[in-house]
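Below is one structure, written out as C-alpha cells; the observations come after it.
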Amino acid sequence: MTQYVAAVDQGTTSTRCMVFDHSGRVVAADQVEHRQIMPRAGWVEHDPAEIWENVRRVTAAALAKADLVTEDVVTVGITNQRETTVVWDRATGKPIHNAVVWQDTRTDATCRKLGALGGGQERYRPRTGLPLATYFSGPKIRWILDNVEGAAERAEAGELAFGTMDTWVLWNLTGGPHGGVHVTDPTNASRTLLMDLDSLSWDEEICADMGVPPSVLPEIRSSSEVYGKARGRGPLSGLPVSGILGDQQAATFGQACLSPGEAKNTYGTGNFVLLNTGTEKVMSENGLLTTVCYQLGDQPPVYALEGSIAVTGSLVQWLRDNLGIIRSAGEIEELAGSVDDNGGTYFVPAFSGLFAPHWRSDARGAIVGLTRYVNRGHLARAVLEATAFQTREVIDAMNADSGVPLKSLKVDGGMVVNELLMQFQADILNVPVIRPVVNETTALGAAYAAGLAVGFWSGPDDIRANWAKDREWTPRMDEAHREEQYANWKKAVTRTFDWAR
Ligand code: G3P
C-alpha cells in the first residue's frame, strides 16, 4: 500500500495542509486564509483560535480531496511563520491575547530600553545570533504579559504557556488542555532572542533581562523526532507528529540545501535567504542573522546565515488591497510588463521598518523618483524590483560574511511564477536563478523532517535525489546598467531612515 506524509504549514497569511509521496510529489493540498488584524499603525495580530480551526479544516479537506484516510498517512510534520507569539492559559487552552505577529513593531521601545542596558542593538548577538529588534518573540511575550491584566502574576505562577505557531499547533493537535505537548524545535526557538545558539537551551540571564518567566517556555526538542500523537476527531488522530521546522528553515530543507554553501531564497510575504553553514556557526558582521537551520534527532545542529526581508509579496498585496491598482496579485506581471523600465521610480517598502541588513525600526516606506511621467505600470515595476533589490542587499552581505560569492540561487515561493521578476532578479544579482519542479518547498521540508524521524525517508541522499530543476534564468543585463540601478536603490533606501523616531 502506498503511504504518504502530511505537513501542516501555518503561514503568515494562510494555513495549508499538503500531503507528499515518497518522491516528494504533492498528492493533496488545501489552504485557507486568516484575518490580518491591524489595531493601529505598525501593529499586526492573528487570532490563534481562528488559526487552529483552520488547521483542522485544511487537514480534513486535503485528505478528503485525495480520498485518503488516516491509515494512508505515516506521520505529520509542522512548519510555521516564525516569531509570531501566542500566550495561552494552560488549563483552558484559551489564548489570553491575539498572537503578536513577526511584522509587528509595538516592542520598539522595549527593544531600545534593553539595548540601553549595555551593548545596544548587539547586546544579545553573541549568544543568540540576533540583533535586538521588534521582529523576535522575546519582547513580544513581555508585551503581552505587561498588557493583559493579571498575566504577569499568572505567568509567574505557572498558569500560562508561550509558543510560536509550531508550538500552538502541536499543543492543540496533541490534545490541547487535555494533555497537549508543550514543545518547540531549535529553528523556532532560535528566533525568540531567548535561546543560546551553542547549547540550544533557554538562556536564563536573557529571560531574566526580558522578564520572561522560564515556566512559560516550551521544551526545546530536535526538529525531527516523535513529539507525541495527534488526538481528537480529525483524520490525523492517532498519527505521530515527528517534525517541526520554522518555515524558512523548512524551505531550505525542502530545497535540499543540506551541505554548507548551499542557499535558497523564498519569495513569500517577505523574502528569506538562508545559507547553510554546516555545523559551524558563522557570526554576521554585515547585518545578517545566525540561526539554527535544523537539528535531526540527536545529531549536532546545522546552522545558517539568514537575510530576512520583511516586505516583498505583501507589497503586491498592498498594491491590490490598499491602492486597488491591480485586482489580483497575478495581474502585476502584465502591468509591470506594459512599460520598459521603472521610469526612475523606486519603492522602498519599509512598512515594518527595515530588516536585514539595515535593522532600522525608525524607517518607513517611501516611493522616490516620482515625476509626471510615472504611471501605474512604472509603479508596478518598482514594486517587483523592490523584491529583487532587497534580495541583492542581503546576498551582498552574505558574500561579505562568508567570503565565498554565491554562484547561483535556488528560489521558491509564490512570486517565483513571475517571469519578469525572476529575470530581473538574475540580472540584478548577476548569478543564475533556479526554480525547482516542486515549488512547495516549505511544506515539503516539514514532511521530510517528519518522515526522516520514522524512517519513511532514509537520509539526505533520498532528499537530494528528489530535488529536480524546473527552470533557470541567466543574467543578461550589462554591468553599468545594473550598478547604476542598484546605486539608485541604495540612495532611495537612505530616504526612509529617521522617519518613525
Ligand atoms: O520570519 C517570518 C517568516 O517565517 C514568515 O514567513 O512565508 O509566512 O511570510 P511567511
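Residue positions begin at 1 at the first shown residue.
Heads up, the Cβ atoms here are built off N, Cα and C, so glycines get one too.
Taken from TrEMBL, the feature domain 'Carbohydrate kinase FGGY N-terminal' covers 4-254.
Around the Cβ of Thr269 (ATP binding site), the same chain contributes Gly11, Thr12, Thr13, Gln103, Val311, Thr312, Gly313, Ser314, each under 8 angstroms and 6 or more positions distant in sequence. According to DSSP, Thr269 (ATP binding site) sits in a coil region rather than a helix or strand. Residues or ranges marked as ATP binding site by TrEMBL: Thr12, Thr13, Ser14, Thr269, Gly313, Gln317, Gly414.
Annotation comment: TrEMBL describes Thr12, Arg82, Glu83, Tyr135, Asp247 as sn-glycerol 3-phosphate binding site. When secondary structure is read from DSSP and collapsed to three states, Glu83 (sn-glycerol 3-phosphate binding site) falls in the coil class. Within 10 Å of the Cβ of Glu83 (sn-glycerol 3-phosphate binding site) there are 24 other Cβ atoms, across all protein chains.
Under the heading ADP binding site, TrEMBL lists Thr12, Arg16, Thr269, Gly313, Gly414, Asn418.
Per TrEMBL, the feature glycerol binding site maps to Arg82, Glu83, Tyr135, Asp247, Gln248. Around Tyr135 (sn-glycerol 3-phosphate binding site), taking its Cβ as the centre, 28 other Cβ atoms fall within 10 Å, counting all chains.
According to TrEMBL, the feature domain 'Carbohydrate kinase FGGY C-terminal' maps to 264-453.
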Among all the protein chains here, how many other CB atoms are within 10 A of the CB of Gln317 (ATP binding site)? 15
With the Cβ atom as the reference point and anything under 6 Å counting, tell me which of the binding-site residues (Asp247, Gln248, Gly414) are near ligand 1. Asp247, Gln248
Take the mean position of the Cβ atoms of Thr12, Thr13, Ser14, Thr269, Gly313, Gln317, Gly414, the recorded ATP site. Which other residues of that chain put their Cβ within 8 Å of it? Gly11, Gly268, Ser314
Among the binding-site residues listed as Ser14, Gln248, Gln317, Gly414, Asn418, the Cα nearest the Cα of Glu83 (sn-glycerol 3-phosphate binding site) belongs to Gln248
Let me know the most crowded of the binding-site residues, choosing from Gly313, Gly414 and counting other Cβ atoms within 10 Å. Gly313
Need one number: mean pLDDT over the domain 'Carbohydrate kinase FGGY N-terminal' (4-254). 95
